[in-house]
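Here the structure is laid out as structure tokens; the discussion comes afterwards.
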Amino acid sequence: MDILTTILNLLLPPLTIIFLFLFYPFYLLIKLVLCLRKNLHFENVARKVVLITGASSGIGEHVAYEYAKKGAYLALVARRRDRLEIVAETSRQLGSGNVIIIPGDVSNVEDCKKFIDETIRHFGKLDHLINNAGVFQTVLFEDFTQIQDANPIMDINFWGTTYITYFAIPHLRKSKGKIVAITSGSANIPLPLASIYAASKAALLRFFETLRIELSPDIKITIVLPGVVSTDMTTPHCIEKYGSDFILSESVSKCAKAIFRGIGRGETYIEEPSWMKWLFIMKNVCPEIVDYGLNYLFVSYLKPYFKRD
């Protein structure tokens, strides 16, 4: 095995360079052709059953509205019943002919089973699962009073998503359906002051990349990597810590529209805003430069706002 490893160490670097110079242009051309083809074959979601977690606000709420405009049937999941009722009514007004709400907590495995069971009981099928539920917290890792305080971030962001995905898979196989995972740009790029959050999103990214291979070709998986979006989850943290929402952010409605377009085209990855894709590439090609830039941003602009007790 050591000999094989040595051979790979010697061969892969030059072969990779040869591939990049000789074959990568053809790869990009194929990608362009496939992109044009996807734009011509947008998925018709009318009367398709879509379950959305974290649907009471933010990206989940606005993605629900985009589906509603196209006539999809919706199962809306979140903890806040009052907010779900408002989103459901708005979705009906926008064009959804059938909307149900299922209050509950994605970090509770029994609730996740209930979400799927009630959706199937009401609609008889499931076509799209939009895994959007998540929580965000800005804190220096060493400033956790009790390290256990970080558990809810992983419980909701990672385990909550895997629980409901597990129960949804048999039904999505029947419908040849789709899973959409709303992760974060922090899954690929370090996010100072949100280490546990970034770790939870990185775990989701690798989980769904692996699951995509396991479930292919029966179930398609789209992974979304948004940047900072102006939502109820992120904006209060910026105001509390920095006095204003100064971080470069995108409106939630614009982000949701881009996500919906990407889902309809059958994209495997959706980076929104699109410039983040190039930041991810730079991180892979010259990681030290990206790390230096993030460190400068953190030390110069962010860290001074955090006063240690």
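Cβ atoms are placed via backbone N, Cα and C, with glycine included.
Swiss-Prot annotations:
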type     : residues             : note
TRANSMEM : 10-30                : transmembrane segment
BINDING  : 54-80, D105, 197-201 : NADP(+) binding site
BINDING  : S184                 : substrate binding site
ACT_SITE : Y197                 : active site, proton acceptor
Cα-nearest neighbour of the residue listed as 'substrate binding site' within the listed binding-site residues, A64, K69, L74: A64
Between Y197 (active site, proton acceptor) and G54 (NADP(+) binding site), the C-alpha gap once rounded to whole angstrom: 16
Assigned conformation of L74 (NADP(+) binding site) - DSSP reduced to three states: strand
Site with most surrounding Cβ atoms, counting all protein chains shown within 10 Å, from the binding-site residues I59, L74, A199: L74
Other CB atoms within 10 A, centred on K69 (NADP(+) binding site): 15
Per DSSP, three-state class assigned to G54 (NADP(+) binding site): coil
